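Participant: Quick one: the structure is below, and I'll ask about it shortly.
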Amino acid sequence: ETRGCGECTAPQALVSEMLQRLESSALEDARPNPSVLLALNLAGSSSRPAKKLLLQQLKEEAVERAHKGMASGQVALLVLALLSSCQDPQQVQALGLSTDLLRILQQATDEEMANLEVEGVPKTTLYSLGLDALSLCLAGVGGYQEPSVELAKELLSPSTPLSVDTRAMAVLALVCTYGRTDLHDVRDLLQEALSVVTNSFLDEQEASGGLIGNIYSMGLAMQALESAGRFYAPRQWDCSQALSAVSEHHFQLGCGTHGDHSLALWRGCRMGTVPHSSPITAPQGSVSTSRRTGSTSRLCSAPTEPTDGPTTGQ
């Protein structure tokens, strides 16, 4: 049995093994990881205890750290994790406290952009800026267009070589923004950047026999190609070759350059209807984009049981 990923499939044995590792890490790790909850939701984990525990821990961390200066990328990951669990990031409640993560994320993104304008680089990294723009865009609120425009310009004329992770995250943000803006000059810029990056990924995969970057960056690159198919059409992506390259490696659940890349592999499969749960409308209209049609599907999946409250550098 296999799990679909566009026109190709991922071996069910690999999917099950990685899900088991993720679920174990969720129950054993001392500190909650929003990437793991997002991965569990998108991969269709049926482990209610793991997801419920992670959700509650992340909500508690959000309200405790909300005003203590979290990096923008950390806030963005929390937003994505909550959206994937059909929670409203504008009303996070735990420990008798409440916070608006989207407001905090917008403030942090504004700081990234201000530093970029003055210093020529964001406050943290371009990867984080891409993650910020993606989260704001998926939530359907805030200023994600300006960061996306700056990311597109950097992709077309990078001041320094950009990692696969950074380019892939930027692609995800730009695809979302492209689908939400009506400004023709912005769409033209985003389209050019998306075409350049995705074609470079296809070239690299062909040259290496399957891998784009390394095993840790592979999943994020796959999701970028999955979401941006219209921008390299009529060229075809050999998704089965990419999955074979992933399957041949012993994927160790751990931290890569930009954190837990367990999230990345699950991004390699198109976000859509999640097994073991019923897709419902996410807060603020969270969406993801189909590679083949450009249509949207819901990011969040309904919780498998009630919860106590409202679910990766340059």
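Any Cβ shown, glycine's included, is placed from N, Cα and C.
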Participant: Quick one: TrEMBL says Cys137 makes a disulfide with which of Cys86, Cys176?
Facilitator: Cys176
Participant: Taking the Cβ of Cys137 (disulfide bond) as the centre, how many other Cβ atoms fall within a 10 Å radius?
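Facilitator: Taking every protein chain into account, the count is 27.
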Participant: Just to verify a number: CA distance, Asp165 (cyanocob(III)alamin binding site) to Cys137 (disulfide bond), in angstrom, no decimals.
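Facilitator: The Cα atom of Asp165 (cyanocob(III)alamin binding site) is 19 Å away from the Cα atom of Cys137 (disulfide bond).
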Participant: Hey, what's the Cβ neighbour count for Asp165 (cyanocob(III)alamin binding site) at 10 Å?
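Facilitator: By my count, 29.
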Participant: For Asn214 (cyanocob(III)alamin binding site), what residues in its own chain, 6 or more apart in sequence, show a Cβ-Cβ distance under 8 Å?
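Facilitator: Result: Val164.
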Participant: Please classify the secondary structure at Cys176 (disulfide bond) using three-state DSSP.
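Facilitator: Where Cys176 (disulfide bond) sits, the three-state DSSP reduction gives helix.
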